[in-house]
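Reading through the structure tokens given below for one structure.
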Amino acid sequence: MTSRHKNSFFPTEDPALERHFKGHKNAVTCVHFNPNSKQLASGSADKTVMIWNLAPKGRALRFFGHQDAVTGVQFSPSGKRVASSSKDRTVRLWTPSMKGECAVFRAHTAAVRSVAFSADGLRLVTASDDKSVKVWSVDRQSFIYSLNQHTNWVRCARFSPDGRLIVSCGDDRTVRLWDTSTKHCLNCFSDCSGSSTFVDFNSNGTCIGSSGADSSLNIWDIRTNKLIQHYKVHSEGINSFSFHPSNNFLITGSSDHTVKVLDLLEGRLIYTLHGHKGAVTSVAFSQAGDLFASGGGDRQILLWRTNFDSKSYQDVLQKHGRRATPDPPPHLSDIYPRSPHLHHPQDSAVQVLNISVTYQSSDFQARHVDTSRVETQKGDKSGSWVSSAAGNQTGAFSTGKGRREEEETVLTHPLEVFSTHASSLDSTLQHIVRQLDILTQTVSVLEERLTLTEDRMKECLLHQSQILQNLQASREQQRSGSHTPPHPFT
């Protein structure tokens with residue numbers, strides 16, 4: 001079901017469900033797209049990692065090796081490797097091929113909750129129930145250093161796009177920002193009444209988002225260390241979220257069984273997507289932003305066509321992207337004195353199961369091919385409802401079985417458009433964009449002035465401290481000079 005929400009400008013097309021993937025035997029815990037948008041990786045509580053080929057009649061690979069639930073999965077920036085984390089306290093680095101080769105990283109002493117690559121693909125960052133964040137070398141396949149200021153389980157950790165910062169969150173209800181060169185905690189954000197469940201940077205690294213078990217979503221500007229947006233649109237905790245590459249939209253997945261789409265420019269909820277029959281545990285945009293995926297406790301992965309970032313809305317987004325003063329990348333001097341930052345750039349037996357997935361008009365077959373056996377599994381496509389902004393259900397499709405077809409037919413839903421756009425909206429939106437440009441320039445000037453003021457205040461405080469030290473030293477000298485011992489005959 002796709003619910004459209006009122007009081008907002010809408011693009012001409014709504015998000016559409018294209019496919020659903022079934023193959024995991026337990027809850028799907030994590031999903032991530034290959035940067036080439038041709039593959040999708042998923043991890044599950046069934047202890048396996050799967051690589052889904054998004055091409056028609058593509059094959060899927062299943063990787064065995066973890067001894068407990070897989071908690072995180074991510075493709076490398078090159079798409080040639082896949083990292084996975086698990087409750088078995090290990091991180092595995094896979095080559096997504098039929099050979100199923102992998103390297104095992106061991107240093108954590110408790111369950112590993114997340115894993116992520118740096119933008120250059122040379123490092124990994126992991127978060128664990130041992131209250132630590134650890135950084136690893138991909139090439140040397142070794143542990144580098146640990147960050148240890150969280151006081152409870154750490155749920156998630158991510159690199160900034162430039163690799164100079166790490167953000168982490170955990171059950172101590174804090175979000176911490178780290179400098180990867182000094183290993184210092186630069187800032188600690190806390191605005192959550194429950195555990196912080198997920199955290200990530202936006203695509204240009206100027207903001208971080210954090211979600212909580214209290215169903216809140218916060219977005220912070222790390223250049224000013226200010227909370228700039230706060231959302232509470234779910235009825236239960238948020239498990240995952242993903243920024244659209246344009247930074248104009250954000251999707252969330254929640255234990256309330258829904259995926260929600262937020263418009264960050266307007267600062268409001270625009271869509272609620274229903275399709276999962278259990279908690280939505282993970283969501284992710286593709287690198288191009290034209291697709292997004294959601295995984296859930298119902299053991300399935302839903303693949304959605306974005307649509308809302310195109311058509312008539314695209315012109316506004318392009319104008320927003322061509323601003324005269326685009327957001328600059330964050331500098332450590334905004335939150336900490338700048339310092340130079342330098343980068344310096346054992347296998348176990350793993351079974352690989354090759355799965356050929358063919359999607360049909362009313363059901364699909366997953367053919368599992370192994371060296372020892374061949375078996376066929378069938379599953380029915382799950383239904384999905386479509387509803388209007390008022391929440392009324394307007395249509396449904398039911399599950400069923402039909403004849404096998406050779407050509408793939410994707411699962412789509414025609415979604416009606418309930419509103420038309422007045423021609424005056426275009427001029428109004430252009431005016432809003434111009435005003436946003438002026439506001440951005442003003443904020444930029446104020447930030448520069450604030451930085452200069454802070455530097456001058458630091459100099460004044462340092463000078464004042466030196467004066468006080470000199471006064472104290474001179475007083476001690478005066479006291480020692482004026483003190484004379486009593487005369488022995490008095």
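The backbone N, Cα and C atoms fix where each Cβ goes, glycine too.
Record features (TrEMBL):
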COILED    429-456  coiled coil
COMPBIAS  384-397  compositional bias 'Polar residues'
REGION    374-405  region 'Disordered'
REPEAT    21-54  repeat 'WD'
REPEAT    63-94  repeat 'WD'
REPEAT    105-146  repeat 'WD'
REPEAT    147-188  repeat 'WD'
REPEAT    199-230  repeat 'WD'
REPEAT    231-272  repeat 'WD'
REPEAT    273-314  repeat 'WD'
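Mapped onto DSSP helix, strand and coil, the repeat 'WD' (231-272) counts 0 helix, 24 strand, 18 coil. By number of Cβ pairs under 8 Å, the repeat 'WD' (63-94) is matched best by 105-146 from the list 105-146, 147-188, 231-272, 273-314. According to DSSP, the secondary structure content of the repeat 'WD' (21-54) in residues is 0 helix, 19 strand, 15 coil. Broken down by DSSP into helix, strand and coil, the repeat 'WD' (199-230) contains 0 helix, 19 strand, 13 coil. Counted with DSSP, the repeat 'WD' (105-146) comes out as 0 helix, 24 strand, 18 coil. Here the repeat 'WD' (147-188) is broken down by DSSP into helix, strand and coil counts: 0 helix, 22 strand, 20 coil. Summed and averaged per residue, pLDDT over the repeat 'WD' (273-314) gives 89. Counting residues per DSSP class in helix, strand and coil order gives 0 helix, 17 strand, 15 coil for the repeat 'WD' (63-94).
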